[in-house]
Amino acid sequence: MASPLNDTTPTTDEEMADLGRHDCVERVQWVLNTPTPPGLSQELIGTAVSWRNKLPFLNMQSGLKGGLFSMLKATFPILSWGQNYKANQFKNDLLAGLTLASLCIPQSIGYATLAKLDPQYGLYTSVVPPLIYAVMGTSREIAIGPVAVVSLLLSSMVQKVQDPMTNPIAYQKLVLTVTFFAGAFQAAFGLFRSGFLIDFLSHAAIVGFMAGAAIVIGLQQLKGLLGISHFTNKTDVVSVVKALWSSFHHPGKKNRKLFWLPAIAPLVSVILATLIVFLTKADQHGVKIVKHIKGGLNPSSVHQLQFNGPHVGEVAKIGLIVAIIALTEAIAVGRSFAAIKGYHLDGNKEMVAMGFMNIIGSLTSCYVATGSFSRTAVNFSAGVETVVSNVVMAITVFISLELFTKLLYYTPVAILASIILSALPGLIDVKEAYNIWKVDKLDFLACIGAFLGVLFATVEIGLLVAVTISFAKIILVSIRPGTETLGRLPGSDMFGDVNQYPMAVKTPGVLIMRLKSALLCFANSNFARERIMKWVIEEAKDSKQGNAEKTLQIVILDISNLMDIDTSGIASLEELHKNLDSNGIKLAIANPRWQVIHKLKLANFVPKIGGRVFLSIGEAMASFSI
């Protein structure tokens, strides 16, 4: 049993206060004596080490042979999962691939016409890119090939450089060059881990853009559906309606649109429509038909790429825009189905796979390919197990190119237009647009801006409006950081916003405020200082009018949300301290982050406020009460 003479447990209030003061001072030193945070050079070195560890070829601990094989497996995921591939999986993939091909063949022909290319280019794009993706991609369900939105983008942007009607060969060469640039940008995004670039198009902007594009695509298909000979090349709704009105006296052809039939319906409709036109000789009575489709394996297009022409800069810009849109669609659909199946989709590997498949595609007469929403849903519903379904689809399309293209001579253009139209309802997500409206009005502004921009102007303007509104939102939030007045939540040591928690109790003589910003910089520091001073002045008025129990003596600034600060931010804090000090009010800082406290120490701000920097709001309150 310990002797009472050796018992060091505090017994009096004074001893308890001394112990509390000692603990508080010690914890203040924890904050002030943190190690120096890593600088820019250390972060760059850390990034390089991370890259070395992610490239097994450079990590020689596993040996040269093992490193090479690991690098191959990382580059070609099929080497990993292919070792455990089972026969029953192939049965499911075979069925899914054949189902996919039945939808892909008519859609690919239709999307090629939407891109203002010959029909065979859509089929070419459904052969080589899916095969490349199968060995490099990480999504099991995604269906690769031409899609409506990218086809619209290409036709609307490239035709401003070269008219496809006056010089189709030159137009075709520019589209292939755009495809090469798009693939190069996509691969670069993945290799340099720059996937954040596609996030510049927010979810709301994509919802609006897709809806607007779907309507524009639908209007464009009226040319083929109604058999109009002279039609506008513009994509805005006003120009299309004018073209329809001026062509209203031309004979049209009605067609039953097979919107909601199963995946086999498009192929069945093509076969039946082709047979009917052949038997009735309808092409001799004004029904437009596809005519010749060049068959055989994809021809080389290396010699068609234009890198020295006068339009190479414009083509590269189009390639960048198309690359971002194609990646956004592919990664969105890939992640959606990966989440359902419960596995992780590597975004950077996806970008590399998409990039290389488009680069190789541009060399083999393919235009930009990406993941399709509608065909991926069909693939998933058909019970797909792995990306082998893309291989089955590609082989089926290749066989069709070799054997059946002559049979498509009498395929009516109207049936291709109706197939494209049948795929469009899935691009218009009214429910999601309503949810965006309910959750965030600024996000909805980006959504409706993209929608109206695409619909009434051009695809590029729609994208520009969406990105501009998204950036404006970021800037608005950044330069107008919010501030909260905090109070202690009853029965706890926690502090919360008095507006969010009306039961929170404010301490007389103390104003506790929290900055709601991750960065205090030249763009927002003065605004933040003015907001804090506004609250201080209001508190001072209340105390003069007798509405406050005690005169304001202390302002505790919680900067737990603040991740970084620049010299302008430090200057604004110094000015805030001077303003408060001139009114006899002390300033204290609570819960600073590592980078922030380091910079405040370097700027000698801590001594200026008397070292009043605390680990938490509770510590600051305890210190002043002591």
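From the backbone N, Cα and C atoms, a Cβ is placed for every residue, glycine too.
Keep in mind that this is a model prediction, so the values were computed, not measured.
Within the chain, the transmembrane segment (94-112) has long-range Cβ neighbours (under 8 A, six or more residues past its boundaries) at 118-123, 125-126, 143, 145-148, 151, 263-264, 266-267, 269-270, 290, 293, 367, 372, 374-375, 378-379, 382-385, 388-393, 395-397, 400, 408, 411, 415-417, 419-420, 423. Per TrEMBL, transmembrane segment is recorded for 94-112 (among others).
Sequence annotations record features per position, and here TrEMBL assigns transmembrane segment to 132-154 (among others).
Annotation comment: TrEMBL describes 174-194 (among others) as transmembrane segment.
As annotated by TrEMBL, transmembrane segment applies to 200-219 (among others).
What TrEMBL records for 258-279 (among others) is transmembrane segment.
Positions annotated as transmembrane segment by TrEMBL: 318-340 (among others).
The transmembrane segment annotation in TrEMBL covers 352-370 (among others).
Annotation source TrEMBL lists transmembrane segment at 382-401 (among others).
Per TrEMBL, transmembrane segment is recorded for 408-428 (among others).
Under the heading transmembrane segment, TrEMBL lists 448-472 (among others).
Mapped onto DSSP classes, the domain 'STAS' (520-624) shows 57 helix, 15 strand, 33 coil. TrEMBL lists 520-624 with the feature domain 'STAS'.
The stretch in 200-219, 318-340, 352-370, 382-401, 448-472 that contributes the largest number of Cβ pairs under 8 Å to the transmembrane segment (132-154) is 352-370. Beyond its flanks by at least six residues, the transmembrane segment (174-194) meets 115, 117, 154, 158, 161-162, 301, 304-307, 311-312, 315-316, 318-320, 322-324, 326-327, 347-363, 365-368 of its own chain at Cβ-Cβ distances under 8 Å. Taking pairs at least six residues apart, the transmembrane segment (352-370) and the transmembrane segment (382-401) share fewer than three Cβ pairs below 8 Å and do not count as touching. Sequence-distant contacts of the transmembrane segment (318-340) (same chain, six or more residues past either end, CB-CB distance under 8 Å): 138-142, 147, 149-150, 153-154, 157-158, 161, 177-186, 189, 195, 197-198, 200-201, 206, 209, 347, 350-351, 354-355, 358, 368-373, 376, 380, 460, 463.
Sequence-remote contacts of a segment are chain residues at least 6 beyond its ends whose Cβ falls under 8 Å from one of its Cβ atoms, and for the transmembrane segment (382-401) they are 78, 81, 85, 89-90, 92-101, 104-105, 108, 120, 123-124, 126-128, 130-131, 133-134, 137, 139-145, 263, 295-297.
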